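To start, I am sharing the structure in question, which I have written as structure tokens.
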Amino acid sequence: MACARPLISVYSEKGESSGKNVTLPAVFKAPIRPDIVNFVHTNLRKNNRQPYAVSELAGHQTSAESWGTGRAVARIPRVRGGGTHRSGQGAFGNMCRGGRMFAPTKTWRRWHRRVNTTQKRYAICSALAASALPALVMSKGHRIEEVPELPLVVEDKVEGYKKTKEAVQLLKKLKAWNDIKKVYASQRMRAGKGKMRNRRRIQRRGPCIIYNEDNGIIKAFRNIPGITLLNVSKLNILKLAPGGHVGRFCIWTESAFRKLDELYGTWRKAASLKSNYNLPMHKMMNTDLSRILKSPEIQRALRAPRKKIHRRVLKKNPLKNLRIMLKLNPYAKTMRRNTILRQARNHKLRVKKLEAAATALATKSEKVVPEKGTADKKPAVGKKGKKVDAKKQKPAGKKVVAKKPAEKKPTTEEKKPAA
């Protein structure tokens, strides 16, 4: 939005356009790098920390000595003496009640972080560029639905305000009071132990007022909740991107807005108020890739497109896939049908033969006359349905074994010799 409109309207204290226009500073077209903003914010935020440490004597203000081995107890130092519960209890160790912590904290920790100056300036440029895009500002939670324009620039007369009621009236005329009402609605008690440490209440962030000279503007705006006041010569990334997230709603005075080109320069001219500083440039000046690829310079270097398309055909087994077989051999369908019909015809013939044989056998068995003595017996039938003669018929059951005739023993009379 800001990049498409090079002129910015200046609004009066009544919330109407004053008729004056300001050229959009080049810093609002700088690349937006959330990664750099977050990195710089994280490191600069660490510089506000206050060193802390536990007492060097904590956990060691008792007399204790290890009992050594052979007592069937741990070798941790134990309090000496007797007559009290404390005697014999473990001491000093971090696993003991009343002992010191593991690796007691020291005040000589590396609390501060150094950040490159150019990197800090890059982060501020990114935060300023993001503050001119309504989508990013609204995604941060600012209520700017009725704000006439972004970036929002007002006349320098605002820098001379000394009363809060004048500041409130200005915000209402600029339709920015909805953002303050959001702050009022968000005021609540902090969760956690910060309540005990003089950080009881928390609230959302409101607009950031950026001015050039303080002629009373600080006193006018400082009592409105959520408002942050910044001098354009001392912009702070911690205020322009709270939490390391770009998209703060900023209200500029005219003189502060015009001073941005001198502070950060343009791509044609270096910054006059900073030594050896040039505005960061985009890695791609034109992000329309389709336009770049279709440009004659690129097309001239490319080879001609290959019109012929080679598609890989999935090979299927025609013996298993009928559709593929019919593609290769259309007569296969007729052959398969003829085979099925032939099999059905053969099956019918086989069934008829079996029925005829069974009928013939039944008629034969009815014509046979039974012999004498064999009226009660059923005719013996062979394997193929033929009758067996009585002579050839084998007796059923166990085989009869022929026994030898028993020899007679000679009597006593026979034993006597003849006289």
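The backbone N, Cα and C atoms fix where each Cβ goes, and this holds for glycine too.
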Given the candidates Lys157, Lys173, Lys353, specify the residue that Swiss-Prot annotates with N6-acetyllysine.
Lys353
Specify the nearest of the modified residues Arg97, Ser290, Arg300 to Lys14 (N6-acetyllysine), where nearness means the distance between Cα atoms.
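Going through Arg97, Ser290, Arg300 one by one, the closest to Lys14 (N6-acetyllysine) is Ser290.
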Distance between Lys333 (N6-acetyllysine) and Ser295 (phosphoserine) at the Cα atoms, whole Å?
57
Nearest to Lys353 (N6-acetyllysine) by Cα, among Arg97, Thr266, Ser290, Ser295, Arg300 (modified residues)?
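In terms of Cα distance, Lys353 (N6-acetyllysine) lies closest to Ser290.
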Look at the modified residues Thr266, Ser290, Ser295 and tell me which residue has the greatest number of other C-beta atoms within 10 angstroms of its C-beta.
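Per the Cβ count, the most surrounded site is Thr266.
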